[in-house]
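Enquirer: Look at TrEMBL and you will find Ser7, His65, Gly141, Phe142, Gly143, Gly144, Asp174, Gly175, Gly176, Gly196, Ser197 tagged as substrate binding site. Taken from TrEMBL, the feature divalent metal cation binding site covers His32, Asp34, His65, Asp174. The annotation active site, proton acceptor is assigned in TrEMBL to Asp34. Annotated active site, proton donor per TrEMBL: Asp174, in sequence order.
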Amino acid sequence: MALIAPSLLAADFLNLERDCKMVNESAADWFHLDVMDGLFVPNISFGLPVIEAINRVATKTLDVHLMIEKPERYIQDFKAAGADVLTVHYEASTHLHRSLQAIKAEGMQAGVALNPHTPVSLLKDVIQDIDLVCLMSVNPGFGGQKFIERTYDKVRELKGMINEAGSNTLIEIDGGVNTDNAPKLIAAGADVLVAGSFVFRAENQIGTIAALKAI
Ligand code: DX5
Ligand code: ZN
């Protein structure tokens, strides 16, 4: 049974409070919040004031995924906005180890996200410092894209690396997750499943979250 993290990128922003309350009442474990700067990814989503507002109504862990250049500039700000897990991209971080320590010094869990083209082996020397690795199973920037099948092998390889290091690092999968690929992802070693459009485009959102949670 994995942790389920609905991505609010696919929520109805005119009814954000309603959608947050739906997640509160559902079997979901975390809120997944996608921050995009229009530079690291070719899209702009939402930022600090929106997360602050979500934090006022959300009763579950806020899992903030920063798709921004030089994320180390904003670590304290996202802590103040309510982030519990803060994930930076490997590809956007020149001094990744320093950023991870800074996130943990603020009392948050430290995550690292990898783009589909980035090999998991690049995390070998820092895996013990990472609370969560977010494997992107689509190219970051947009919801509703097709799941990249190669991800299963990356999950298995990463799981092996984590076990070998004796680390507690969680593996999160982000992009194109649904009830078809979730069983195979969990079998490969995934701990956290992010789902955006699969949840929010469903007629029965609570039921869809429950179905993912039951896998
Ligand atoms: C993509 C984001 C994802 C996105 C997932 O850049 O990081 O979190 O919201 O959306 P779906 O589940 O629709 O692929
Ligand atoms: Zn994300």
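A Cβ is built for glycine as well, from the same backbone N, Cα and C atoms used for every other residue.
Unlike curated entries, TrEMBL annotations are predicted automatically.
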Enquirer: Is Gly176 (substrate binding site) helix, strand or coil when read with DSSP?
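Expert: Note: Gly176 (substrate binding site) is coil by DSSP, not helix or strand.
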Enquirer: Could you tally the C-beta atoms, other than its own, that fall within 10 angstroms of the C-beta of Asp34 (divalent metal cation binding site)?
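Expert: For Asp34 (divalent metal cation binding site), the 10 Å Cβ neighbour count is 25.
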Enquirer: For the recorded substrate site, enumerate neighbouring residues of the same chain (Cβ within 8 Å of the Cβ centroid of Ser7, His65, Gly141, Phe142, Gly143, Gly144, Asp174, Gly175, Gly176, Gly196, Ser197, site residues themselves excluded), in sequence order.
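Expert: The answer, listed by sequence position, is Leu9, Ala10, Asp34, Val138, Pro140, Gln145, Val194.
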Enquirer: Near His32 (divalent metal cation binding site) in space, meaning Cα within 10 angstroms, which of the binding-site residues do we find among Ser7, Gly141, Gly176, Ser197?
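Expert: Correct set: Ser7.
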Enquirer: Per DSSP, Gly141 (substrate binding site) is which: helix, strand or coil?
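Expert: DSSP assigns Gly141 (substrate binding site) to coil.
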Enquirer: In whole Å, could you give the widest CA to CA gap in the substrate site formed by Ser7, His65, Gly141, Phe142, Gly143, Gly144, Asp174, Gly175, Gly176, Gly196, Ser197?
Expert: 17
